[in-house]
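Annotated features, as they stand in Swiss-Prot:
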SIGNAL    1-26  signal peptide
BINDING   HIS94, CYS209, CYS212, HIS213  heme c 3 binding site
BINDING   CYS122, CYS125, LYS126  heme binding site
BINDING   CYS160, CYS163, HIS164, HIS301  heme c 2 binding site
BINDING   GLU215, TYR216, LYS261, GLN263  Ca(2+) binding site
BINDING   TYR216, HIS264  substrate binding site
BINDING   HIS275, CYS314, CYS317, HIS318  heme c 5 binding site
BINDING   CYS282, CYS285, HIS286, HIS393  heme c 4 binding site
Amino acid sequence: MTRIKINARRIFSLLIPFFFFTSVHAEQTAAPAKPVTVEAKNETFAPQHHDQYLSWKATSEQSERVDALAEDPRLVILWAGYPFSRDYNKPRGHAFAVTDVRETLRTGAPKNAEDGPLPMACWSCKSPDVARLIQKDGEDGYFHGKWARGGPEIVNNLGCADCHNTASPEFAKGKPELTLSRPYAARAMEAIGKPFEKAGRFDQQSMVCGQCHVEYYFDGKNKAVKFPWDDGMKVENMEQYYDKIAFSDWTNSLSKTPMLKAQHPEYETWTAGIHGKNNVTCIDCHMPKVQNAEGKLYTDHKIGNPFDNFAQTCANCHTQDKAALQKVVAERKQSINDLKIKVEDQLVHAHFEAKAALDAGATEAEMKPIQDDIRHAQWRWDLAIASHGIHMHAPEEGLRMLGTAMDKAADARTKLARLLATKGITHEIQIPDISTKEKAQQAIGLNMEQIKAEKQDFIKTVIPQWEEQARKNGLLSQ
C-alpha cells in the first residue's frame, strides 16, 4: 500500500510540471482571434449587386418624419417614466436607421462612452456594424456597456451584411446567400423549431426580416437581446414568460406599475395571419421582383408599401383590383384604430386612478392585482399597435389582442373604483388636459425644453466626433 502511495506521489510530482507547462503553453499559443469577415460598408457590394444597391439606396426617399405622439398624445401617459414618452416617430426608410437612433430624444445626450440612459443593445437592429462587432468581440463584448460606446463603431445604415453572407463566394457571384447575422435571432428560431440552416428558401426570406422586426427584451447584466419565445409566440405566451421571470421594461411613473414595452413584432403577427400561414413572405409583399432597364429581374430593396408595386405584389395572388383591396385594408385599419383608441382611454384613466389610490395610501398588496391588470392590458394593446402593419398582417389577431386588453383595463378600473371607495374617494378622478403632446408631457413632469436643448448639443458636438473617428478607422467610406 505504501509503495502504491509513493508511486502515485512520484507520478503526480512528474505530472505537475507537465500540466503547468501545458497550461502556460496553451495561453501563450492561444488560437488567434477569429478573422472579421463582415464588411459593413454597403457601397462595397454595389458592383456585384448594382440594381439591389441602388434600390436599397432609394430608401433615403422615405424621409418623412411622422410624430406618433403628436398624432396620439395618450401615448405619453401610457409610457410615463419611459423614454418613449419623450419621442416616438413612425419608421422611415432603412437609410435613416443610424440617423434616427442617434437623433431620437430616447437615446439621451451622452457626453462620453459611459454616459447615457440606454444600453449598447439599442444599436442591434440599426447597422451591419453590429454583425461586424459581434463577430469581432463576441456577443458579450458587443453588448457590454452603454449605447454611447458604440457611437464611433456603428456608423453604416442597415444594409447588405445584415441579411446576406457577404463574405461567401455565392454572394460574390451575385446570389443572395441569406444568413442570420444576429446569433441571438438564430437561437430564437431554433427555440421555436426553425433552425435557419434547415429552413426552406421561403422561410429563410422571412426569418432574416425577423431578426429585427420582432419582439425582444434586454436580458441580464449585459442587457443582451433575447426574444421571449420560450413559451410560444402568441401574446399570452410572451406575457406568461415575462411574468415568470418577473421582467419589466420600466415602472410607469403615475401608477407605479411594472410595465412591458412591445417593440415591433411584425414576425409574430405575420406568423399569426393569413399571409404567414400560407407562406407568403415579407419579400413577396415588400421586396418584389422587378425588372431593370435591360429587362433583368432583381429583388427590389426599396422596402415599402405593397400597394406601391401592386402589379408585382398583391396582383400575383389576388384577383381584385387595387382600389378594392385598398378599401378592404383601410376598413380593417380603421376598425383596429377605433378599438385602439378606446383601450388607450381606459388605460389613461387606469394610470391616473391608480395614482390617486396610491396617493390615498393604498398598500402594495392592495395595488398588486390592479397593477397586474394594467400591465397585462397595456402589454396586449402595445403588441397589437407596435406592429404598424397589423391591419394587413393579422387583423383578426390584432382585434383579438385589443379586445382582451380592453377587458383587462376594465377589470383594473373596476377594482380601482372599489379600492378608492375604501379610501373615501367616490368622485370621478379628474384627468389633466392631455389634448396635445406638449400638454401630456407637461402633465407627467417632463422638461422638454431642457431635454431638446441637451439633444441638440449632442447632435452638434458628439456625433461629428463619432464620424471623424469612424473615418480615421476606415469604417466609413466618405
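Heads up, residue numbers simply count up from 1 along the chain you see.
Cβ atoms are placed via backbone N, Cα and C, with glycine included.
The shown structure was predicted, so the numbers you read here are calculated from the model rather than taken from an experiment.
Cα proximity to HIS213 (heme c 3 binding site) (within 10 Å) is found for the following binding-site residues from GLN263, CYS285, HIS393: GLN263.
According to DSSP, HIS164 (heme c 2 binding site) is assigned to a strand segment. Of all the binding-site residues in the record (CYS125, HIS275, CYS317, HIS393), the one with the smallest CA separation from GLU215 (Ca(2+) binding site) is CYS125. HIS286 (heme c 4 binding site) and TYR216 (Ca(2+) binding site) have their C-alpha atoms 22 Å apart, to the nearest angstrom. A C-beta separation below 8 Å, combined with a sequence spacing of at least six in one chain, links CYS122 (heme binding site) to VAL101, THR107, TRP147.
Around CYS163 (heme c 2 binding site), the same-chain residues six or more apart in sequence whose CB sits under 8 Å from its CB are LEU178, THR179, SER181, VAL208, CYS209, GLN211, listed in sequence order. On the backbone, the CA of LYS261 (Ca(2+) binding site) and the CA of CYS212 (heme c 3 binding site) stand 15 Å apart. By a simple count of nearby Cβ atoms, those within 10 Å, the most crowded of the binding-site residues CYS125, CYS209, CYS285, CYS314 is CYS285.
Counting other C-beta atoms within 10 Å of each candidate's C-beta, the binding-site residues HIS275, HIS286, HIS393 are led by HIS393.
A simple way to gauge crowding: the CB of LYS126 (heme binding site) has 24 other CB atoms within 10 angstroms, across all the protein chains here.
When each of the binding-site residues HIS164, HIS264 is scored by how many other Cβ atoms sit within 10 Å of its Cβ, HIS264 comes out lowest. If you measure from the Cα atom of HIS301 (heme c 2 binding site) to that of HIS318 (heme c 5 binding site), you get 23 Å.
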